Amino acid sequence: MWAGRRIRPYCFPQHRAGRAALARTHDLIVIGAGAAGLTAAGGCARLGLRVALVERDRMGGECLNTGCVPSKALLAAAHRAQAVREGGRLGILAGEPTVDFGRVRAHVRAAIDAIAPHDSEERFRAWGVEVIRGEARLLDARGRVEVGGRVLEAPRIVLATGSRPAIPAVEGLAGVPFLTNETLWDLDRLPEHLVVLGGGPAGMEMAQAFRRLGAAVTVIASGRPFPRDDPEAAALVLDRLGAEGVTIRPETRATRVTRTGAGLRVETDGGWAVEGSHLLVAAGRRAAVEGLGLEAAGVTVDPGGIRVDARRRTTNPRILAIGDCRDGPRFTHAAGHEGTVAVMNIGLGIPAGVKDAALPWVTFTDPELAQLGLTEAAARERHGHVEVHREDFAENDRAVAEGDTAGFVKVIKARGRVVGATIVGAGAGEMVLPWSLAIAGKASPWAISGAVVPYPTHSELSKAVAFAGCEPRIFGPWARRWAGVVARLRR
């Protein structure tokens, strides 16, 4: 990504606007200053385009302010607390940690403040972006946008308005105070008993974090927790959460929420109920597209978000939609990548597209859970016969030395091509790169197996899995015959 906080901008030759563009106020209008919008706006401005960036709330969007950054900072504090409890297995005097929740909050705030300058107005104005505060509304299909009474016009528009928490239709929910990822960070004390509605990545991450910090936690999942991930890998994570004291109720739907003297009560479709002090709704997200004037601009919205093609063009080819507002997977790294695609299409005229099949995602529980491409079950359903190669963390010297051997790396191949990978274990998110390249066709298992990696590291697991797929050819009949010829010649 050219202008996000996680991947620094590249330099490009300056764009030369055509004569027709001189009659317009800008070459590009970007609506939304999250990961997707910042990448598109910053990249195109550095190419010399006249860019307007419209934002109604905080620069950096959901990821910086209420999503990825604060949640990972909280998880880091929770991880340290758990390390105190588990030190005994390595010979360190263990015990129950003393958690100062006020200082935990300060750590979370400090992480946000440290990263915020990368997404600041000052940074983008220095690149030539005109940052405009206010609500944007599309006036027509020709590229006119109204912001606070001012009318902007550009030949291209990028919608990057992000998403909001999806609130399920549960009786009584609107009548009780509940938390979402947007309000969770306003807590001034640790909940006594946190009830989580939702078994997806965000809900499960927060469930483990608050349990490790000392809260009782109950998760109510309407389906299978981690529904998009490999079931075997998900089960390993669920076992860890259960061992740490998180109560998980899968395949259970909340039907009614009521206030109690001490907090609230959640009733479910199976007759089971739970009382807690706080309720966190983590039931997914929905595209934030209300009030944008999409109908007037000829932009179609599907139930999952704005309809787009692989190049992220909407039903109005002048307008692109990137990040969480479009119909598709919702991850910050996906949003940043789509911002890069927007720069290539708009700034450079390169018809670049997005390959969702190579998109990785990581759930930052302990152990971490990473998935790329197809799961084993999905690969068998799509391709029929597949090859599955696996290496357990228990076979890795680094994992053994650290006493953390739960996990595995599993790679799925169909017709000789890598179509999926599942990694669960310590630092799984740091191990996705070679398999992301392999699924995208930019690295072969042969290349991965031949890489020299430091010892002892978890990276050896990927090398071992890649080698397992190549081993039959390396030590097969042809190779053995050739080795015999070489041996006879040397006698």
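Yeah, the Cβs are placed from backbone N, Cα and C, and that goes for glycine too.
Source: prediction; values computed, not measured.
The feature domain 'FAD/NAD(P)-binding' is assigned by TrEMBL to 27-339.
C63 (disulfide bond) is surrounded by 27 other CB atoms, counting those within 10 A of its CB over all protein chains shown. Feature annotation from TrEMBL assigns disulfide bond to C63-C68.
Taken from TrEMBL, the feature FAD binding site applies to K72, T161, G162, S163, D324. Annotation for T161 (FAD binding site): spatial neighbours I31, G32, A287, A288, V289, L292, G323, D324, C325, criterion Cβ-Cβ under 8 Å with sequence separation of six or more.
The feature NAD(+) binding site is assigned by TrEMBL to G198, G199, G200, P201, A202, G203, M204, E205, G284. For A202 (NAD(+) binding site), the count of additional Cβ atoms within 10 Å of its Cβ stands at 24 [all protein chains shown].
For 360-461, the entry in TrEMBL reads domain 'Pyridine nucleotide-disulphide oxidoreductase dimerisation'. The average per-residue pLDDT of the prediction over the domain 'Pyridine nucleotide-disulphide oxidoreductase dimerisation' (360-461) is 96, rounded to a whole number.
Under the DSSP three-state reduction, K72 (FAD binding site) is assigned to helix. With every protein chain in view, the residue among the recorded positions C68, M204 whose Cβ has the most Cβ partners within 10 Å turns out to be M204. Within 10 Å of the C-beta of S163 (FAD binding site) there are 22 other C-beta atoms, taking all protein chains into account.
Spacing of G162 (FAD binding site) relative to G284 (NAD(+) binding site) is 13 Å (Cα to Cα, whole number).
Summarising the environment of K72 (FAD binding site), the number of other Cβ atoms within 10 Å of its Cβ, over all protein chains shown, is 14.
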